[in-house]
Amino acid sequence: MNSPKPVDGGDELNLYESRKTVHNQRIDGPFRRFKWFVMLVTLGIYYVTPWLRWDRGPYAPDQAVLIDLANRRFYMFGIEIWPHEFYFVAGLLIMAGIGLFLVTSAVGRAWCGYACPQTVWTDLFQHVDRFVDGDRNARIRLDKAPWGPAKVARRGFKWSIYLVISLITGGAWILYFADAPTLFRDFFTLQADPVAYATVGILTATTFVFGGFMREQVCVYMCPWPRIQTAMLDEKSLIVTYKDWRGEKRGSVKKAAKNPDEFGDCIDCNQCVAVCPTGIDIREGQQIGCITCALCIDACDRVMKEVGRPRGLIDYATLEACDAEAEGAPPQPAWKALLRPRTIAYTLIWASIGGAMLFALGVRSHTDLSVSPDRNPPFMLLSDGSVRNAYTLKLRNMESRPRDMEIALSGLPGAMMWTDTIGPDNAARTQIVAVPADATKTVRAYVKASSGTAAQDFSFILTSQDEQRESDEAPTRFTAGEEGQ
Amino acid sequence: MMADKPSDGKRIDDPTGTELVGHEWDGIEELNTPLPRWWLWTFYLTIIWSAVYVVLYPAWPLIEKGTEGVLGWSSRGDLIDEMGAADAARQTFREQLAAIDVDKLRDNPDLLQQALAGGQAAFKVNCTQCHGSGAAGNQKLGYPNLNDDDWIWGGDLDAIHYTIAHGIRQDEDNGLRQGVMPAFDGAFDAAQLDAVTDHVLSLSKKAQSNAIGAQLYADNCVACHGASGEGDRAQGAPRLDDAIWLRGGSRAEIKAQILNPKMGAMPGWEERLDPATVKMLTAYVHSLGGGEQTVANTADDPVTEPEVDGDEQP
């Protein structure tokens, strides 16, 4: 290893450090309970969603949320997204981005602290640690203990629980992409697609390694978000802060009782460090390892209560309020930090995108027609002297039932139309074409106008032959050549 | 920057309490904030990985060609494999197509769809030189338009198939496509030529007929082109009573064609292409918009033959 020696000689510098395992202590409090609640909700959504059913009739899958890559459809309860409507997904992503800005500007890294998958699964694995090995002190003891049969058995047991959780995690992911019960059965009878096994394998491995072993290192070294967040935080954002003007100088209860003027409220019990899932000391100020999960607030508040001092030595507060408090201002209620021009602007942008998407969802048609005229050749002279143009029509039926569609000519007086299957003998101004459920049907349509018809614009009009009578108009052009060919 | 020197040789930066590495630039010293060890091992792994990769796969560009790698893998090899696999996958389709009668293709939609795609590709390679990429032909040069509803030798699947397979006016091929129009240069004087041209134009209602022209037409042309100019597909005599003229419908063009008829030739493709490709071409040409029903099929098909006698006017 390339380790330069210090200039004056001595021990080798430590340029690479092995991970210092974080043995965080169990804690209870309002924020811990909120964390439990968020974990329950997010994991619940993740594991349960693929199993929800949604009756879409006989022609479409009955899974409530399904990303059907093979057929290029995205189903979400009553909403069905086609590839050309992918802007809905883009809109959702933009909303997620702005939502993240909103949350960050209002409450700092709350996403990191409560809802980020890395946080949720790390938390889960830490509870497994606690369940198998005991709480902080027992785990530290076990870590230091030499390897023996008992430790091997304990570690094996713990890691196999990790593995089961990881497998369920990776397994649930693929259920979003195919019919869940069928895939579940196929998976265990070894009939599923190799892609399914590969995906589960990769996700199991990443969950096992990231959640079980890398933990806070993912946040500190791998995740780009802590580096970006500084651009979104300001002195008006709610973050977890240690009020050093109140805490310092640290000293035990006994010392403080003897010399109350010299010592602050912090009794240096290190509880805030012991409970931290990323192993940092919040009293050193804002740092990249802090995911603002607020477990240190729970710990500190409990200690303050025990020693009879006011809560909030470590608290969710804005840096501005902290400074004001240090100057002697009364503490500001947290909700005030949420209402300010910046958060309101983000909320308005976020809501207007959401509103626009809802509106677009509400008015979108399930019938769509697009027309491309043949350009090679642009027109065709027939033996009776009439002129024929050919068009490729795409008839889209975005409903999960087959529908008859009427194609009609609008404009182009005297013209007739037929298709490959209808045939020129049945030429007419309107034709009915059956379009299968949830499908785009490509139809080649021939339009014939009598000899002498001039080149002109006209439209095809598609109308669904059901009670909705949805229609779509596609303007195009009729091409004609010179006379006498 | 201030740094004390404890006895163990470690130098600590006072304001941060962090160890110094000993690098100094203009009085600024580098602090030691160690990276995790797994990070280092990951880095070593990437080095090992790259070394293994260089041995296994093509990597170093040399003067003539690059190193090849012990696995013998190449992207060109991948391409050849994939082309081979695609060929093999097409083989069943080709066998199916070779086994089926061309007029039965319509009963097998999957096969028909593949045949149309294959036919389109084969058309682009073999036929566009004369008939144009859109199959619209070329009136100046006398290459027929394949999109319209006028067929000199017949427009059902069997007729098209025969035409493609045997070509037109191929001496070495003793097939049926041998129509010949005699030259009337010297046989008609100028007045007679005008008269017969007028009569020919009158068949498609573009001029007034006249007695001399009608008589000349009856004597010289009826045998092939028919009394009302309906043509004769058996001999490849074009219709004269419709709006489509292979070599132009102006008076001058018609006169030129009577005096010194030009007759196009088309190679027979049976010798050059395999039977499956000829069938695919047939299906494709038939699908261009003017294809006619095979006569045998019309009996049980409600859609009758689209070729009708010139009054399809709406």
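Each residue, glycine too, has its Cβ placed from N, Cα and C.
Unlike curated entries, TrEMBL annotations are predicted automatically.
Features as listed in TrEMBL:
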TRANSMEM  A:34-52  transmembrane segment
TRANSMEM  A:86-107  transmembrane segment
TRANSMEM  A:159-176  transmembrane segment
TRANSMEM  A:196-214  transmembrane segment
DOMAIN    A:254-285  domain '4Fe-4S ferredoxin-type'
TRANSMEM  A:344-363  transmembrane segment
REGION    A:463-485  region 'Disordered'
COMPBIAS  A:466-475  compositional bias 'Basic and acidic residues'
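The list of residues near the transmembrane segment (A:196-214) in space but at least 6 beyond its ends in sequence, with Cβ under 8 angstroms from a Cβ of it, reads 118, 121-122, 124-125, 159, 162-163, 165-167, 169-171, 173-174, 178, 183, 186-187, 222. Spatially, the transmembrane segment (A:34-52) is not adjacent to the transmembrane segment (A:344-363); fewer than three Cβ-Cβ distances between them are under 8 Å for residues at least 6 apart in sequence.
As a whole-number mean, the pLDDT of the domain '4Fe-4S ferredoxin-type' (A:254-285) in this prediction is 91. A Cβ distance under 8 Å defines the sequence-distant neighbours of the transmembrane segment (A:159-176), meaning residues of its chain 6+ beyond its ends; these are 46-47, 49-51, 65-67, 121, 124-125, 128, 131-132, 183-184, 187, 196, 199-208, 211-212.
Broken down with DSSP, the compositional bias 'Basic and acidic residues' (A:466-475) shows 0 helix, 5 strand, 5 coil. Nonlocal intrachain contacts for the domain '4Fe-4S ferredoxin-type' (A:254-285), taken as residues 6+ away from its ends with a CB within less than 8 angstroms of a stretch CB, comprise 20, 22, 24-27, 119, 122-123, 126, 136, 215-216, 219-220, 240-242, 244-248, 291, 293, 295-296, 298-300, 302-304, 307, 309-310, 313-314.
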